[in-house]
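To keep things clear, I will list the structure first and then write my remarks on it.
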Amino acid sequence: MELLKRKIIEEGIVLSDQVLKVDSFLNHQIDPLLMQEIGRTFANRFRESGITKIVTIESSGIAPAVMTALELGVSVIFARKRKSLTLQDDLYTEKVYSFTKKEESEVSISRKLLSPSDRVLLIDDFLANGEAALAMARIVENAGAEVAGIGIVIEKAFQNGGSKLRELGYDIESLARVTSLQSGSAVFAD
Ligand code: G4P
């Protein structure tokens with residue numbers, strides 16, 4: 001997606017050869033016009049996939065997930081990272097190991113929100129080692145529902161999440177595939 005690549009080139013900050021900071025439009029401040037375009041692009045890609053729900057993880061996946069859901073006319077469920085006062089039992093819970101943060105956390109979704117008839121589109125802001133996407137997929141599959149696609153805003157193609165998920169047979173759309181963050185700038189796959 002050209003607009004997204006332009007934003008990454010103009011506003012992204014390469015923090016190291018592993019980490020790209022995009023706080024000005026995705027991870028802290030949100031650019032609604034860019035998000036609308038992201039939503040339209042994912043929706044067009046998965047319009048024929050019979051999607052009934054979108055699942056993401058709080059917090060940065062929510063904006064692209066909502067814009068996609070608006071286009072597809074479905075609801076968004078965001079997996080919660082912390083147990084809330086109102087979300088305590090009857091949960092699907094999965095562990096997520098973050099290689100970036102070197103820590104394990106848990107994500108949960110209420111059992112009431114997913115049913116075996118659901119065809120789910122997973123959306124996330126970054127794909128690095130694929131741990132977050134795999135945890136979401138396990139939750140959906142534990143509910144007896146199907147992962148009908150995965151939409152990623154920025155895939156770091158030099159980490160192994162993309163190949164892991166593709167080998168498992170998931171239908172993945174990444175809007176920007178970054179192949180390298182060497183020498184202070186992002187290089188794209190195409
Ligand atoms: P993985 O799920 O693909 O294995 O990724 P990893 O554990 O490495 O990532 C943990 C968190 O860091 C996730 O966000 C992920 O989106 C984010 N992340 C990974 N690589 C980058 C990067 O190069 N740049 C930026 N900006 N983020 C990256 P999170 O902790 O869940 O944060 P949030 O959704 O609350 O913003």
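Even glycines carry a Cβ here, placed using N, Cα and C.
Any TrEMBL annotation is an automated prediction that lacks curation.
For L20 (xanthine binding site), other Cβ atoms within 10 Å of its Cβ number 19. DSSP assigns L20 (xanthine binding site) to a strand. Residues or ranges marked as xanthine binding site in TrEMBL: L20, N27, K156.
Its Cβ placed at the centre, A132 (5-phospho-alpha-D-ribose 1-diphosphate binding site) has 25 other Cβ atoms within 10 Å. Under the heading 5-phospho-alpha-D-ribose 1-diphosphate binding site, TrEMBL lists A128, N129, G130, E131, A132.
According to TrEMBL, the domain 'Phosphoribosyltransferase' annotation covers 32-157.
Comparing C-alpha positions, K156 (xanthine binding site) sits nearest to A128 among the binding-site residues A128, E131, A132. Across the range of the domain 'Phosphoribosyltransferase' (32-157), the DSSP-based residue counts are 44 helix, 49 strand, 33 coil. Around N27 (xanthine binding site), a 10 Å sphere centred on its CB holds 15 further CB atoms from the protein chains shown.
G130 (5-phospho-alpha-D-ribose 1-diphosphate binding site) has a Cβ environment of 25 other Cβ atoms inside 10 Å.
With a 10 A radius on its CB, E131 (5-phospho-alpha-D-ribose 1-diphosphate binding site) counts 20 other CB atoms from all the protein chains.
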